[in-house]
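I have placed the structure first, in the form of structure tokens, so that the comments after it can refer back to it.
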Amino acid sequence: MRALVLVPLLCTIAGLVLSFLCIFAGSKPGFMDDYNLVTLNTSTLGHNLIPNTKTPAVVNNLFPFIPQNINGATNQLNDIIGDVVDELAHDLGINQWYGWHAMNFCEGNYKPSPKARPVMYQVVECSNPTSGFHFNIADVLDQQLGMGPLRISLKDLHWPDEIQKVIDQLSTALQAAVALYSISIAATGILIFTSLITLFVSSATLLIMANLLLAGVSFLALFIASIIISVINSRTMKVVQEKGNMIGVYAYKGQKYLALTWCTMAVMLLAFLSWTVIFILGRKDKHSQKPEKTSLANKFRLGGWP
């Protein structure tokens, strides 16, 4: 029975480490930079200001007498327009991406370029980690645009208010998720201590029940936090897709972070199920030993050993 305790104990230790990562992933440059909950891609912000010309038609009008060169000229013009789009963020004076973590946000550029595959996140700056941070993306972009070479504002780019509203919802959801992760960390910390005691105590029914309760609290907190993160993630994607794509703003799901939070929940679910099995087996052992003890007592009472 004691050997079985090692299974939930190891799961709990893993759950504690993963819960800390859920809170502090991306909290400083160089530490899990690509574990964003949501990434806002602003590398093509303002592309709606570029005239939408059909390059094949332009080439046909300019070079009707050189059909063999049309494809080459079209490709060259497409490359030129592509280069202009790639440099939009730089020309506007803003960064190419803005990423949300559980306790802070970071901003930076794509390397080698936004269109490259695979692409790397180059972090320029991160805010200080705090449990109640609120990131007003509209204010940040407006300030950077005003200081940029073109001296324009978000109003000039037709920035939709709906994006900031969903970002406000994201900030509120993150605060709730951090609180739930903290509850899980507290529960798993106590659970590790009580699990170690359970290993060295002969009769540990009450301890096992306490461990089962603590594992349940941790699992439930992580489950709710993961649901919150998943829902607000999808909500942000939908709003940005509907309102932001037309001006060159795109949002990407934090697939790695989603995998991290759900994996943490799964580990604590395994710990909870393990303690449930240990509790049931302990109850069965008690019931199987009871008749034997009663029988021995009756023999003593009757004075009858064979």
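Even glycines carry a Cβ here, placed using N, Cα and C.
Listed in TrEMBL:
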SIGNAL    1-19  signal peptide
TRANSMEM  178-200  transmembrane segment
TRANSMEM  212-232  transmembrane segment
TRANSMEM  259-281  transmembrane segment
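Taking Cβ pairs closer than 8 Å, the transmembrane segment (178-200) reaches residues 2, 5-6, 8-9, 12-13, 15-16, 19-20, 22-23, 102-103, 131, 207-208, 210-211, 214-215, 217-218, 221-222, 224-225, 228, 264, 268, 271 in its own chain, all 6 or more past its ends. Here the transmembrane segment (259-281) has long-range neighbours at 1, 4-5, 7-8, 11-12, 14-15, 18-19, 21-22, 25, 35, 184, 188, 191, 208-209, 211-212, 215-216, 218-219, 222-223, 225-226, 229, meaning same-chain residues at least 6 beyond its ends whose C-beta is under 8 angstroms from one of its own.
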